[in-house]
Amino acid sequence: MKFSLALLATVALATISQAAPVEKQVAGKPFQLVKNPHYQANATRAIFRAEKKYARHTAIPEQGKTIVKSAASGTGSVPMTDVDYDVEYYATVSVGTPAQSIKLDFDTGSSDLWFSSTLCTSCGSKSFDPTKSSTYKKVGKSWQISYGDGSSASGITATDNVELGGLKITGQTIELATRESSSFSSGAIDGILGLGFDTISTVAGTKTPVDNLISQNLISKPIFGVWLGKQSEGGGGEYVFGGYNTDHIDGSLTTVKVDNSQGWYGVTVSGLKVGSKSVASSFDGILDTGTTLLIFDQATGSKVAAAYGAKDNGDGTYTISCDQSKLQPLALTMGGKDFFVPADSLIYVKQGSQCIAGFGYSSMDFAIIGDTFLKNNYVVFNQGVPEVQIAPSKA
């Protein structure tokens with residue numbers, strides 16, 4: 001489900017504090033940052049994709065760090081590549097036997113593992129060739145995903161081995177594209193790896209990669225830690241399955257309850273402040289690594305924009321001052337603690353003499369807490385409880 005908003009959303013532009021046990025990582029193979037010259041910042045498209053993505057499941061309108069190959073310790077670390085202005089983050093994942101490298105956007109807002117293949121005659125990227133994998137098994141169920149900008153993809157299901165940070169999942173359900181819109185061909189990624197709950201999988205009854213990491217005893221804890229870097233600080237990012245990396249945590253982790261009744265990592269934001277000024281009371285939000293922006297409902301977005309003197313562009317985006325010294329931090333209160341979005345992230349991109357804000361609005365009645373927030377705050381996602389733990393992040 002995330003694919004719709006997350007993967008492409010990113011393409012678009014697109015209670016109690018608890019100290020947690022230390023989870024360390026081991027030095028491994030470095031990954032280089034990759035830039036895609038075809039990408040263009042487009043906040044409007046990010047908003048459209050987000051709306052379409054979530055409408056499917058609700059009735060309401062590198063510099064990468066290091067890889068850890070340590071299955072014995074029950075954790076696996078996957079480095080991420082940061083594309084352009086933090087538009088999206090992807091990892092290179094191994095699929096099949098022998099392994100084929102697939103670039104996937106990791107998305108906590110969806111639950112499908114989707115990518116292009118040689119079965120698709122219209123795909124710009126034919127990343128996976130099933131005829132070259134000895135462990136590939138065709139299942140043949142149909143799937144289809146569409147997006148708010150009119151783009152779409154569809155295909156069939158199969159199973160194969162998938163490796164994440166040295167952790168090899170056997171018999172993982174994969175969705176192979178047999179058709180996709182032309183807009184996919186210029187993207188940096190080959191598909192999406194959904195990290196949401198299996199209740200929102202496009203193909204009913206499908207186990208997600210996290211489900212299989214748990215059931216196949218590949219990770220010691222049903223958690224994964226997420227650090228997303230900033231281009232201004234060298235880019236990159238990292239997912240740690242089965243643990244988290246304290247090297248990217250600045251302070252203590254705060255536990256926040258999760259409502260997963262709709263398949264997402266839903267949280268309650270109990271307050272919203274610009275500087276010391278309160279601009280909104282309690283509202284619901286979804287922690288979504290696959291969405292570029294911080295997207296509010298329209299009423300909340302209007303209040304935030306007014307506090308910053310931002311102009312509504314009429315398409316879900318705002319024009320904001322390019323002078324960071326005039327922008328106070330935006331604080332979201334969760335679990336009794338404030339978590340901040342600093343001035344440098346309140347400006348998403350400069351277009352000519354104007355700047356587009358890192359926040360926007362949609363017609364939905366909940367917020368999508370995307371990368372504008374997540375690249376400033378480390379999150380440990382716990383599928384087992386469910387809950388999340390959040391702390392300020394550091395590069």
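Just so it is clear, glycine is given a Cβ too, placed from its N, Cα and C backbone atoms.
Features as listed in Swiss-Prot:
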| type | residues | note |
| --- | --- | --- |
| ACT_SITE | Asp107 | active site |
| ACT_SITE | Asp288 | active site |
| DISULFID | Cys120-Cys123 | disulfide bond |
| DISULFID | Cys322-Cys355 | disulfide bond |
| DOMAIN | 89-391 | domain 'Peptidase A1' |
| SIGNAL | 1-19 | signal peptide |
| task | Can you grab the distance from Asp288 (active site) over to Cys120 (disulfide bond)? Cα atoms, rounded to a whole Å. | result | 28
| note | For the domain 'Peptidase A1' (89-391), the averaged pLDDT of the predicted model is 95
| said: With DSSP assignments reduced to helix, strand and coil, which class does Asp288 (active site) get? | reply: coil
| remark: Nearest by Cα to Cys322 (disulfide bond), of the recorded positions Asp107, Cys120, Cys123, is Asp107
| Any idea what the Cα distance is from Asp107 (active site) over to Cys355 (disulfide bond), rounded to a whole Å? | 27
| said: To the nearest Å, how far is the Cα of Cys355 (disulfide bond) from the Cα of Cys123 (disulfide bond)? | reply: 34
| note | Long-range Cβ list for Cys120 (disulfide bond), cut-off under 8 Å, min separation 6+ in sequence, same chain only, gives Lys126, Gly155, Leu176, Ala177, Thr178, Arg179, Glu180
